[in-house]
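Some features that TrEMBL has for this protein:
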| type | residues | note |
| --- | --- | --- |
| ACT_SITE | A:K205 | active site, proton donor |
| BINDING | A:I9, A:G10, A:L11, A:G12, A:T13, A:V14, A:G15, A:T16 | NADP(+) binding site |
| BINDING | A:K105 | NADPH binding site |
| BINDING | A:E190 | L-homoserine binding site |
2 protein chains.
Amino acid sequence: MEKIKIGIIGLGTVGTGTVAALRRNRELINKRLGASIEVKRIAVRDIRRPRQVDLPPGILTEAADEIVHDPEIAIVVELIGGIEPARSYILAALRAGKCVVTANKALLAECGQEIYQAAAEAGTEVAFEASVGGGIPIIKTLREALAANRILSLLGIVNGTCNYILTRMTEAGLSFNEALTEAQKAGFAEADPSLDVEGLDSAHKLAILATLAYDTCIPLQEIYVEGITAVEPLDIRFGRELGYVVKLLALSRETDGGIEVRVHPTLVPEGHMLASVREAHNAFYITGDTVGDILLYGQGAGAWPTGSAVCADIIDLARAIRRGKKTRLGPPSFRQPRRLLPMEEVVSRYYFRFSAVDRPGVLSKIAGVLGDHRISIASVIQKGRDEGGSVPIVMITHEAREADVRQALRVVNRLEVVTAATKFIRILEGQHFAPSP
Amino acid sequence: MEKIKIGIIGLGTVGTGTVAALRRNRELINKRLGASIEVKRIAVRDIRRPRQVDLPPGILTEAADEIVHDPEIAIVVELIGGIEPARSYILAALRAGKCVVTANKALLAECGQEIYQAAAEAGTEVAFEASVGGGIPIIKTLREALAANRILSLLGIVNGTCNYILTRMTEAGLSFNEALTEAQKAGFAEADPSLDVEGLDSAHKLAILATLAYDTCIPLQEIYVEGITAVEPLDIRFGRELGYVVKLLALSRETDGGIEVRVHPTLVPEGHMLASVREAHNAFYITGDTVGDILLYGQGAGAWPTGSAVCADIIDLARAIRRGKKTRLGPPSFRQPRRLLPMEEVVSRYYFRFSAVDRPGVLSKIAGVLGDHRISIASVIQKGRDEGGSVPIVMITHEAREADVRQALRVVNRLEVVTAATKFIRILEGQHFAPSP
């Protein structure tokens, strides 16, 4: 049986899952592939450290360069994460004529074009299923299964940490800090959770997906990013009363004005499939002009699920290599510039929670300001009184422009009767995402 | 730009969707593929019939053989359905060295091995994403994304007609016949719905999927099939009271005794993602030993979604053909015989609804029979009295063997106090499907 040799750089969580899966299901993979995958070398920082997977003696090296330049190795698997030295290893491997598999979302979000380009120039391929959504085949679905679709919208719950925290805030009434502490204890959040809870991890993933969905370069810094640290239990409760669940969505859609790319807490209608995605799960809800609505759901992180995706990429490339080819899809098409819609121009419905003194005329004053800014109100909840003598007033708006909303809230927040900065959350409307045919 | 010429046999619903999608998204597909797909000929039964898609003059032919033997055509797309003449066209096209795309589930379920074999011998490929699940990439996910996984279980809502009918029975309290009539009016059921409601369509799809999941030949006649015609609103209501939703599941899983393959109405726990799949949607819930649980969801039928899947297969093959290759995956591995678990040996929890006279001692009599057959009871509901003076007694069992259940119910149904044949529905237990790692 033909042997295809691979080298792995990095034996952390994902590397361990990958090696363990290749080993456990070796026979099955051989049968499906019609060839055998042999892990020839694994580069690690410290070869003496104990490992959670059985390894043949001598397979570890501290010199990643050996892998990158080994003429027997056909596929280099980069699993160290971060920009450097991952970027240099990948570029060197591609230039040495090797196929590359990577799970490195930060690198692809920041330097994707450079890497896709280098693969194209070398006549080889870079595969990156594991960079987004763990074992969920979102990259394959976008690049292959939906290749005949114009993607009208893509909605993702792409960060398991945030979804776990929001789930616990919703279901157990915890505060953000309580839920974060619990997530850290349960192993769903890092000691320094900022990359997750501030939304940057979600933005990395959205940059990768939107580039594929819209065949254009999506610079990371053009993505509007708002994390979940300011989400309050009170807003989750009001949201539920109104029939919504708060989720951190990574959202991209095509509008007449341009492509929207944004990450922010969102009120998702209870009946929407994304509202059922609980705890650390990830999900992608894609609307294509031909396929209609598709949902992919599963575990978005962890050694095994992510290892499953890395292995799938290795097998895909091995199938091409067996046929004497080093590419199967070619690079994503990203050269056609397209207008990205500035956040100010986004149109959405909004949830507002005003804090105001409990006095006649307050509601009309606030509504007046909104009206002056072309914002019309769909429904209002006003009840209770908090300890400071001020009351929460909750409103759901009809469609409004983000710029108008920001301007209106600046004015509202300066009103004498308003006692604290107004909270607002954007609302996902199902009907905007219906398929066109 | 390189041109890849294809021929299409059949211009019904799916053929029309395919041609319309290729035309509408022509530029997008060219850009993603790096080549252009040209529909050279389309074979139809009657070239004079009006068509719902604009066609260049002269493209239609009544001679499918012209397509099969046209040396310029690289990919033959079979969309006529049924066994013959579809089988002969596909075999001839493969032997003529062409790649084949088909949406023909009945043919693959009955003659899949012959067709996969013919493709392997010809050194070409047959692609069949559209045969199951409309535009949902279930075939690609099983064959590619989960290639490194042992599939522990696969649960599918694979028939939109049945799911629509069950949804309406559940949500509007309709009887089976009322819901069927409504489905027919809404275009979700055929005039002769028996292939759908009797479960055979689901069995066709399960045969295809289980062959891929378990790398073994799954003969259609080995699949246990029970449709939804006997599902009663009363059982749906009791199910809901107990926290379950009735779905027609196509189910395949690996157990110590062998592979289970079965299609039947199933009580799905309300919290399970499959319980949220409404109306004519399809969904697949797969548990892999490495990836854990994955759900794919979308529209399982219709011109556009199914056309999306056909186009994806065409693009996949065109990507290989551009690289000078006629295969990309090779045939599914199906040669290793594996034991299929006979239905009698299946272990499940069960829902029973007994109809019995309302008299002291009845419950203990029934429970006694169950006990004699190693069936233990987890919970009981008894209430009300129907017009004939008999009462429904509902029980949920712990795990029991199907053979014991059938034998016990034969005895129960002969009891003097029992007034009608006992209804039973198998229960899906989430915990049996948890990932192993």
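The backbone N, Cα and C atoms fix where each Cβ goes, and this holds for glycine too.
Annotated features, which come from TrEMBL, shown on the structure.
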| residue | record | DSSP (3 states) |
| --- | --- | --- |
| A:G10 | NADP(+) binding site | coil |
| A:G15 | NADP(+) binding site | helix |
| A:K105 | NADPH binding site | helix |
| A:E190 | L-homoserine binding site | coil |
| A:K205 | active site, proton donor | helix |
Additional residues around NADP(+), ordered along the sequence, whose Cβ is within 8 Å of the centroid of A:I9, A:G10, A:L11, A:G12, A:T13, A:V14, A:G15, A:T16: A:I8, A:G17, A:T18, A:L79, A:I80
Cα-nearest neighbour of A:V14 (NADP(+) binding site) within the listed recorded positions, A:K105, A:E190, A:K205: A:K105
Densest Cβ neighbourhood among A:G12, A:G15 (binding-site residues), 10 Å radius: A:G15
Spatial neighbour of A:G15 (NADP(+) binding site) that is closest, considering only the recorded positions A:K105, A:E190, A:K205 and their CA atoms: A:K105
Cα separation, A:L11 (NADP(+) binding site) to A:K205 (active site, proton donor) (Å, whole number): 22
Length of the line joining the Cα atoms of the residue listed as 'L-homoserine binding site' and A:L11 (NADP(+) binding site), in Å: 19
For A:T13 (NADP(+) binding site): intrachain residues, at least 6 apart, with Cβ closer than 8 Å: A:G302, A:A303, A:T306
Alpha-carbon distance [A:K105 (NADPH binding site); A:G12 (NADP(+) binding site)] in Å: 16
C-alpha spacing of A:K105 (NADPH binding site) relative to A:G10 (NADP(+) binding site), in angstrom: 15
Residue pair A:K105 (NADPH binding site), A:I9 (NADP(+) binding site) - Cα distance, angstrom, rounded: 16
Count of other CB atoms lying within 10 Å of the CB belonging to A:L11 (NADP(+) binding site): 24
For A:I9 (NADP(+) binding site): intrachain residues, at least 6 apart, with Cβ closer than 8 Å: A:I42, A:A43, A:A64, A:I67, A:V68, A:V76, A:V77, A:E78, A:L79, A:I80, A:A86, A:Y89
Same-chain residues at least 6 apart in sequence whose Cβ lies under 8 Å from A:T16 (NADP(+) binding site): A:R51, A:Q52, A:V53, A:A303, A:G307
